[in-house]
Amino acid sequence: MSLRWLALESSPEVLTKYIHELGVDEKWSLVDVFGVDDELLAMVPQPVEALLLVYPVKGTEPTTGSDNPKVFFMKQTIENACGTVGLLHALGNSKATYKENSALEKFMKSAKGKSPDEIAKLLETSEEIGEIHASVAQEGQTSTPSLEENVDLHFVAFVLVDGHIYELDGRKDAPTQHGPSDEANFLKNAAKVCKTYMERMPDVLSFSLTALVGQ
């Protein structure tokens with residue numbers, strides 16, 4: 001990856017500000033998911049349109065997946081842009097509404113019918129989204145890494161398309177399907193997949209979950 005952006009803070013406040021600046025209507029937001037147990041999932045407002053998992057990258061992971069033309073999917077070709085790619089995956093496979101002529105609307109219109117690699121190129125050349133990302137990346141409760149610093153935390157999105165849960169990771173060649181689900185049980189079923197990541201690294205505390213919700 002030759003291009004490099006500042007890493008995004010994974011707080012719901014920062015991510016919500018980001019999607020609103022991209023043009024998403026104010027009724028949509030990101031909220032914390034405090035854990036994968038049923039009582040903690042019950043605290044999350046419904047309906048949930050997408051789930052974002054931030055987790056530490058450890059070594060090389062499989063790049064296999066299953067193509068589905070109904071799933072909006074793009075590759076990540078900009079280093080440290082996984083937060084933006086994760087949000088675009090979440091928004092592009094949701095019912096989220098956005099303003100006419102906004103950065104997001106223009107990007108999604110341009111991406112229609114294009115391959116994952118072609119959509120990645122659109123992001124590389126989108127000065128508008130790049131500027132919004134740079135502005136929002138400066139914000140957050142924790143210190144933002146410098147542009148030169150390597151960040152080992154990675155965003156992936158979980159979405160529901162065609163009655164199936166898909167994991168969308170821009171480092172992979174295609175979406176990863178995780179079985180069937182209905183809307184009512186999407187959060188619970190997607191959280192089960194996230195739990196398997198956490199169980200692989202029981203001593204790691206840097207996992208975080210946020211959900212895309214609408215009023």
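Glycine is treated like the rest: Cβ placed from N, Cα and C.
All TrEMBL annotations are machine predictions without curation.
Taking Cβ-Cβ distances under 8 Å and a sequence separation of 6 or more, the neighbours of Cys82 (active site, nucleophile) in its chain are Gln76, His154, Phe155, Val156, Gly170, Arg171. Residues annotated as active site, nucleophile in TrEMBL: Cys82.
According to TrEMBL, the domain 'UCH catalytic' annotation covers 4-214.
In three-state terms derived from DSSP, Gln76 (site 'Transition state stabilizer') belongs to neither a helical nor a strand segment and is classed as coil. Feature annotation from TrEMBL assigns site 'Transition state stabilizer' to Gln76.
Marked as site 'Important for enzyme activity' by TrEMBL: Asp169. According to DSSP, Asp169 (site 'Important for enzyme activity') is assigned to coil rather than to any helix or strand. Taking Cβ-Cβ distances under 8 Å and a sequence gap of 6 or more within the same chain, the neighbours of Asp169 (site 'Important for enzyme activity') are His154, Val156, Thr176.
Confidence in the domain 'UCH catalytic' (4-214), given as mean pLDDT, stands at 91.
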